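Shown next, in structure tokens, is the structure this report addresses.
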Amino acid sequence: MKVLWAALLVTFLAGCQAKVEQPVEPETEPELRQQAEGQSGQPWELALGRFWDYLRWVQTLSEQVQEELLSPQVTQELTTLMDETMKELKAYKSELEEQLSPVAEETRARLSKELQAAQARLGADMEDVRSRLVQYRSEVQAMLGQSTEELRARLASHLRKLRKRLLRDADDLQKRLARLGPLVEQGRVRAATVGSLASQPLQERAQAKLRARMEEMGSRTRDRLDEVKEQVAEVRAKLEEQAQQISLQAEAFQARLKSWFEPLVEDMQRQWAGLVEKVQAAVGASTAPVPSDNH
């Protein structure tokens, strides 16, 4: 990836520092293309490389530069490459944010904000390049038929400055993305841990859950039995106490009844005995022999 960036930087410097009419050395292009193909960077980096390659091609135009810049083809091509670069960058940013999902929300939001700002700066730089070319095309149209050497020099100067800004902002964005590496790895480890837990056999997890549930129910049942035993013992003690009180009350009532009825019974016994004696006396008198008149 770093080799690709270096190759593109060398290419861009060569295009900016050389005169516009100067042809490109034939040995440089195959070497740079081979280095670019040998390094498989992120899609957004490759798209940015294509943007730089096209800009370099525009700068190395010779006699045809006025004709090409007078048509909207260059700006249209640059707009397409800009859109492609930003699209790839947004996709890569979204992929990183998905991998950062296990990270703390505050950290993820801060990193996302930083990446978005760097992405906006890079997009603004590319838009500035396109605007400069549009402005140059307008000035060339106004000076049609006149010498455009001064305009070309101004354009080359502007593009050199813009190249530095592009390089700085792209390098800043790349560094910020590189700082996400440890966090992405941390998110992958957490995701792998969760995945290993989720890959346990369903039966094993169900049995573990059932055992935990049975242990909980057994503990609750034992607690309930102990509570019932305490309640039964308490009720038994109360019943025994009440039975003892009833027994004492019955004995006291029996004693009171006895004290009430004993005098009556004794009086009735005496009266009965006297009545029996009277009856016996009457019966004895009636059975005595009557004296005869013949004597």
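Each Cβ is built from the backbone N, Cα and C atoms, and glycine gets one as well.
The feature repeat '1' is assigned by Swiss-Prot to 80-101. If you take every residue in the repeat '1' (80-101) and average the pLDDT, you get 70.
Annotation source Swiss-Prot lists repeat '2' at 102-123.
The annotation repeat '3' is assigned in Swiss-Prot to 124-145.
The feature methionine sulfoxide is assigned by Swiss-Prot to MET143, with similarity to another entry given as support.
Per Swiss-Prot, the feature repeat '4' maps to 146-167.
The annotation region 'LDL and other lipoprotein receptors binding' is assigned in Swiss-Prot to 158-168.
Residues or ranges marked as region 'Lipid-binding and lipoprotein association' by Swiss-Prot: 191-268. Helix, strand and coil content of the region 'Lipid-binding and lipoprotein association' (191-268), in residues and according to DSSP, is 75 helix, 0 strand, 3 coil.
Residues or ranges marked as repeat '5' by Swiss-Prot: 193-211.
Residues or ranges marked as repeat '6' by Swiss-Prot: 212-233.
Per Swiss-Prot, region 'Homooligomerization' is recorded for 244-295.
As annotated by Swiss-Prot, region 'Specificity for association with VLDL' applies to 256-268, with the evidence given as similarity to another entry.
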